[in-house]
Structure formats: structure tokens, C-alpha cells
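**Student:** As annotated in TrEMBL:
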{"type": "TRANSMEM", "residues": "59-80", "note": "transmembrane segment"}
{"type": "TRANSMEM", "residues": "101-127", "note": "transmembrane segment"}
{"type": "TRANSMEM", "residues": "179-197", "note": "transmembrane segment"}
{"type": "TRANSMEM", "residues": "218-244", "note": "transmembrane segment"}
{"type": "TRANSMEM", "residues": "250-271", "note": "transmembrane segment"}
{"type": "TRANSMEM", "residues": "292-311", "note": "transmembrane segment"}
Amino acid sequence: MTAAETVVEPIAPVTPKRVARLPLLLRHLLALARPGHVVKNLFAVPLALVDTPVWTTTALWRCAWAVAAFTLASSVIYVVNDIADRHLDRAHPQKRHRPIAAGHVPVPVAWAYAGLLAAVLVALTVGGPAMDWWPLLAYLALSTAYSRWLKHLPLLDVCVVSTGFVLRVLQGYAATETVPSSLLLTAVFSGCLVLILGKRRHELAALGTPHRPALHGYNLLLADHLLGLTTTLTGTTFLLYLHIDAPIDAYPPIVLVLVVPLGLLAAFRYLQAVLVLRTGGDPIRILLRDRTIVGCAVLVGVVLAVAQINARYPHLLTWTER
């Protein structure tokens, strides 16, 4: 074949469909990182501020940096976990729509995406404010082990997930440079168990056991007993924290009187959603969209914020001293 006869492959026309592919892939990659789950870090990491008598600008800035780092770390774990679970997710009525399980994001692209997120995470921790990052490293190690085999072990699976939230709170303590309260950490651990066990119970009742091997070690009766036990433990340890470890100057008695019933009402509402309304499949959705729970959380936040203002500027408010 001569040069004149050389066949030149035509260039594919740039159609709107081809142009839209990249933005569509980016949307799937964003969904893969679970941006809606950033609320876990927004709630858990700054929780150490509750145990800080007076908030400073430095503490708030370091805490925000820790939230960003944990958000990236969580996204890396979500991507890796979705890669590992893609075959099981295809049998789940909701999870089958996840980008990897649905085939929208190829596995090699997902691995590259996880590597990119990990690189950004390293840059964030190295270039950010100096603090102990061992809770973040422990979270990454524990979550990797969970993705590989711990999630298949009944009872241990829910404990591992709850420990991840305790590590988030510990990172907040590292950011604020305050001494962790063992009672508050216990309340966080048991409270997260309530949420996760509610999700497991919903999966048992609605879907059975095929999509999650660890569910073979549960039944509805066990889930109900564990829910009752962990809810009681959460309330007890939180009350003990308020009575023993909480900074008394920042939280006078009237604050405790207001916070306790609001917390109990939120817990009652969640149990109602799980046991009566049968909507416990997505704890994050319940916490963000249930009006009763959101209202209780907002009121608690307002009460604590007012208490902090009163602690820092005691002459502005006098009602908390009555």
C-alpha cells in the first residue's frame, strides 16, 4: 500500500453525547465519595468542643482541618469498600445503584480515584496545622481491615464501625488539645451502636441475609435486645458525663435540664423509626430529615452555644446563673 493509499481513520465527531461523558463520570466519582456522609465528620470530629470550656479561634480552625482530613479519609475507604463489595451490592435493591456496582465507574478508574484522594489526604495532613494524626491513621487501618474481612464477622462488624466514630472524636480532641473524656467516648461508641444496630435490624426485616454475610449471625430478637441494651448504655454514660466530666463552668444546671430531655426525645424518635415505622435502613437520612430529631439537635446546639457565649462573655447573659 502506497502513501497515497494509506487509510486515515476518521476522527469521531464531537457530539453532545461525547461531551457529556466526562461531566457524567465526574458526577459518578463525586457520588462514589459519598458527599452526603460528610455529616458524620461534621458531627463527630467537633464533638470534642463540647468538652472544651472555652472555644478559641485556633481550636475551631484546627477542628475544621481535622474534619476535612477525616472527610477525605472516609471517601478513600468508601471507594475501596465499594470496589470490594461491588458483586454483593448488585444484589441489594438500593446499593445496586452505586457507581461501581452499576458499572458507571470502571474498577481501574475507581482505584486511581482512591489513590488521588489518598494523595490529597497526605498533602492535607502534612501541610496543615501540627497535631497528632494517630486517630486518623488508626481509622484508615481499621477501616481497611473492615473492608477486607472484619465486616463478615457478626457483632464485631458493628463494633468496628462504632470504633471509627470514636476515632473521629479522638481526632477532635487532638485538634483542640484537650484531654479525652472516657465517659463521652463511651457514650459515642454506644450511641453509634444504636444507629448501626437499627440499620442491621432493618436489613434483616426487609432484605434477609444474602447481601451481607455478617447478618447470618443476627436475628430480629437479638437485634431488639442489643438495641435496648445500647440505648440504655448511651443514656447512662451521657448522664454520667454531664454529671462528672462535663466542664461545669460552661454548662450550668439549667443547661443540663434542657439538654437531657431533648436527647431522650431524639433517642425515642429514632427507636420509633426503627421499630414502628420500619425506616431504619439509612440512619444518616433519619438524622438529617426527621423533623423531631433535627429539631432536638438544633435546640441542643442553641443551648450549648448560648452556654459557651455565657462562659466567654459572662456579662452578656445572666439567665444561666439563676
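Cβ coordinates are placed from backbone N, Cα and C, and glycine is handled just like the others.
TrEMBL entries are annotated by machine, without manual review.
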**Student:** Should anything in the same chain at least six residues away from the transmembrane segment (59-80) have a Cβ under 8 Å from its Cβ atoms, list it; otherwise answer none.
**Tutor:** 32-34, 37-38, 40-42, 44-46, 48-49, 52, 110, 113-114, 117-118, 120-121, 124-125, 128-129, 131, 133, 136, 139-140, 143-144, 147, 168, 171-172, 174-177
**Student:** Going along the chain, which residues at least six beyond the ends of the transmembrane segment (101-127) come within the CB cut-off of under 8 Å?
**Tutor:** 24-25, 28-29, 32-33, 65, 68-69, 72-73, 75-76, 79-80, 82-83, 85-86, 89-90, 95, 133, 136
